[in-house]
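*Asks:* One structure follows; several queries about it will come next.
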Amino acid sequence: MAEVALRRGSLDRPALYAWLQAYGVYVGVAALLLFNIVFTDHFLSTENFRTQAVQVAPILIVALGMALAIGSEGIDLSVGSVMALSTSLVALYLGYGPWIALLAAVLGGVAVGMVNGSLIALVGVQPIVATLALMVGGRGLALVLVPQLEDVRDPGMRALGSEDLLGVPYPVVIALVLVLLVAFTVRRTTFGRQLLAIGDSRPAARLAGLPVRRVLLCVYVASGVLAAVAGFLATARLQASDPTSLGTLMELSAITAVVVGGTPLSGGRVRIGGTVAGAVLIQLLTATLIKHDLPPSWTQIAQAVVIVLAVYAARERGKR
Amino acid sequence: MSAANTRQQGAGRPGTGSHGDGAPGKGVLGKGTPGGGPHGPGGEGVPPAKHLSSDHTVPGGPSARAERLSAFAQQHGALVALALTLLIASLSFESFAHPGNLENIAVSSAFLAIVALGMTFVIVSGGIDLSVGSVFALGGVLAAWGSRHGPLVALLLALGVCGAIGLVNGLLIARARLAPFIVTLAAMLGARGLLLNITDEGNDTFLVAKDSLFADLGRGKLLGIGVPVWIMLALFLLGGLLLRRTRFGQNVYAVGGNEDAASLMGTSVSRTKVSVYVISGLLAGLAGALNAAYLASGVTILGQGMELEAISAVVIGGTLLTGGLGFVSGSLVGVLLLKVIQNVINQIGSLDSAYQQVVSGAFLVVVVVVQTWLGRRRKARLTSSG
């Protein structure tokens, strides 16, 4: 589409914005990589790439669920709190073994997703409000279960957080498997097509006889489960359960990753590749600012600017 | 004039109360009446037993009384709940009705109420402002920092910066047509970042001089009641007049009710939208400044979750999240209800702030479910009778 813009001699703005929305994120990632390679010391090392990849994994996993919610023309603000709830449940149930702890965490995610999904699909509450209620209530619940930071000591969990499978850290392997799973679901299954149809036009989907309520319910349960898995992995990596701060502002990172990746907020389309790149972009942005000794508050400001720019770029396309 | 307006004033006239689709403007209302005429006045003659089940099925014969009841529940349910809660609380806890405790509730309500006032304008206009918590904290820190140069500098600094954030929000939402929640979510992040930046990542604390004129804004008393409460009451009076008695207020209802219709009627949609976000930013900043004066310091961690409390209060107060319908006094009642419940939780003692979060989250869920249900009933009635 950029070629079209150039061939006409004048700037074809809508086409340019559309191109930016779809592929701008890859340009951004490339630019940040280039900047770091040139200006950041010790950036080109296996150790650094490993660290970055492990840190991007939870953002990416949460963003996958967020992509599904946004694709259905919804949003899930409760994901950060689900991570907190997940880490609390892990601390509570690790005594029965890591698998039981994982099961408890996932069931917690299912429960939150069911509440979100029921409110949105059955009662008809706006997604922002339904998930905002659980954003606050969920973290409260996590803190009721485990009031402060607790060490998590389990050899299995430590291995999961710090060891490799064929040279790739476990969290990254799990994130990639989930990426493939979600991409397959969106592209190749009936559920995925129904999800996109519902996101495109809810009334049309209803008239066409699609199971709108069931699909929406599944979307929010999926988002809850993915956030819970991210919380489990983060707990394994930190070897601690920290419901106070784990997952704070994760909803923003996830939304940024999805939106920067070219998934329109108006629903009807999901870009998984873009979401992966979006998550990488956020992680690189954070790492770049930290490595150049800028305080964390700059990361927040930069992220706010990036999210507004991304939505702004997407706007022209929506208006056409 | 809004539908809410009509319904409140015409409580005794069921005919006019039945077409509460939030469509603003005299012309729109005039056209919307045909369904209301035939069955409205006859509502008194319909036997009450038919109210619940026959609403959707009997064309032209749905009960106006059930309609009025659900409209009443939506508008004044919070007031009834507040009265009941006050009654039960003062009977259960001897210390509750103590003047000191009530004064505490009033002062702690004042800050949230001022924020909720701005949120009411935003929600009535059909938007949402998630940045108020961060802006509240930022306003507090800026005011505390500025208070060393006098109260005027403290207030102007807080109002200037927070109003500017509101302006940016409004411009991005109204002119660039970005989704309100994403813009204000970014502002929530940006304002918090700015706040951490000026306080050296939260390590610096700015204190307000105890005996300064600025501290009196938070700590002072007038007729035995805290100054913040008076300021809050004055602002609600002004806000109520602004929303109900001015052209600007009509525009806010019109934009929230139906943006396209409002635009066709000649309302300046984008100016109205920018204004409501500026109002919200200014009020959140002012509330933060007053809070800093009250606490005698700018506290960086304040305001987290405040957007939820403010939205809850507004929704509890009978303002529809879909816009076009609502009133400021309801938001005040909503804030009082939330604060009284928090006070009761504190009186029970064993419950900490984590439980408060759970309770306020659950509370919002219940209120929104009830409100959505009431709204849907009315809509179903409208379609079946219109």
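Think of each number as a place in line: the chain as shown, counted from 1.
Cβ atoms here come from the backbone N, Cα and C positions, even for glycine.
I grabbed these lines from TrEMBL:
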{"type": "TRANSMEM", "residues": "A:16-39", "note": "transmembrane segment"}
{"type": "TRANSMEM", "residues": "A:51-70", "note": "transmembrane segment"}
{"type": "TRANSMEM", "residues": "A:90-112", "note": "transmembrane segment"}
{"type": "TRANSMEM", "residues": "A:119-146", "note": "transmembrane segment"}
{"type": "TRANSMEM", "residues": "A:166-186", "note": "transmembrane segment"}
{"type": "TRANSMEM", "residues": "A:215-234", "note": "transmembrane segment"}
{"type": "TRANSMEM", "residues": "A:246-265", "note": "transmembrane segment"}
{"type": "TRANSMEM", "residues": "A:272-290", "note": "transmembrane segment"}
{"type": "TRANSMEM", "residues": "A:296-314", "note": "transmembrane segment"}
*Asks:* Same chain, outside the transmembrane segment (A:296-314) by at least 6, Cβ under 8 Å from its Cβ: which residues?
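*Replies:* For the transmembrane segment (A:296-314), the list is 17, 20-21, 24-25, 249, 252-253, 255-256, 259-260, 262, 264-265, 281-282, 285-286, 289-290.
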*Asks:* Mark yes when the transmembrane segment (A:272-290) and the transmembrane segment (A:16-39) have three or more Cβ pairs under 8 Å (sequence separation 6 or more) and no when they do not.
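*Replies:* Answer yes: the transmembrane segment (A:16-39) meets the transmembrane segment (A:272-290) with 3 or more Cβ pairs below 8 Å.
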*Asks:* Residue list, the transmembrane segment (A:166-186) vs rest of chain: Cβ under 8 Å, 6 or more residues beyond ends.
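*Replies:* The answer is 50, 53-54, 56-58, 60-61, 64, 67-68, 71, 159-160, 192, 195-196, 226, 229, 233, 236-237, 270, 272-273, 276.
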*Asks:* Same chain, outside the transmembrane segment (A:246-265) by at least 6, Cβ under 8 Å from its Cβ: which residues?
*Replies:* 21-25, 28, 58-60, 62-63, 65-67, 70-71, 75-84, 87, 135, 227, 230-231, 234-235, 238, 271, 273-279, 281-282, 300, 303, 306-307, 310-311, 314, 317-318
